[in-house]
Amino acid sequence: MIEQFLNNLILASSSERRIALLKQINIEPGLILPADIDEIPLRKELPKDYSIRMAKSKAEKIQSSNPDYFVLGIDTVVACGRRILLKAKNIEQAEKYIRLLSGRRHRVYTSVCLLTPDRSKQHIRTVVTIVKFKRLSEREIKYYLASEEWKNRAGGCNMQGLAGMFVLFLRGSYSSIIGLPLHETYCLLSNYFNLNLY
């Protein structure tokens, strides 16, 4: 297999967290292009299926106008049981999410989709991480909501910020819950790219 260079890779996301995580393992995509797609879950769609569909849809949307590139699409979903917790639209919804997660285990699904040029191959990996929050006091809930860290976060949770202090334990991948499973992403990309590890 001929090794590609990273300027042939597009990241279908403008997430600063994901860009920083990729840089952590010395990966800098040639282009960063966010994908504007419909993120409404399908009726009775399960969280894992939704995460896979979103990652794939983001990659496909960007590759449709950039067919000669590899495209990396990523999606992170917070789920309580079968309920998908999307990005909170307002503080009222963020409060509902935080109260729902308080004292309970929940799952974070992060799917990574790599499309090769012209969609000749498609690789998808999904990482599931179990997280348990402490039971939150009213003061903690109000403090977190006032911080506005819930904005633009799946389930209203910013694990790199204040929400991190609510975590009693997690089982799985920490990098995955903040937006990108590093091990799985590295393994996918190393099949095609010269990652300059030496």
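Each Cβ is built from the backbone N, Cα and C atoms, and glycine gets one as well.
The structure displayed is predicted, hence computed values, not measured ones.
According to Swiss-Prot, the protein carries these features:
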type: SITE; residues: Arg17; note: site 'Important for substrate specificity'
type: ACT_SITE; residues: Asp75; note: active site, proton acceptor
type: SITE; residues: Thr76; note: site 'Important for substrate specificity'
type: SITE; residues: Gln160; note: site 'Important for substrate specificity'
Assigned conformation of the residue listed as 'active site, proton acceptor' - DSSP reduced to three states: strand
Minimum Cα separation from Gln160 (site 'Important for substrate specificity'), reported as the residue among recorded positions Arg17, Asp75, Thr76 that achieves it: Arg17
Most crowded position, judged by CB atoms within 10 A, among Thr76, Gln160 as recorded sites: Thr76
Cβ neighbours of Asp75 (active site, proton acceptor) where a neighbour is any other Cβ within 10 Å: 27
Residues satisfying Cβ distance under 8 Å from Arg17 (site 'Important for substrate specificity'), sequence separation of at least 6: Gln160, Ile178, Gly179, Leu180
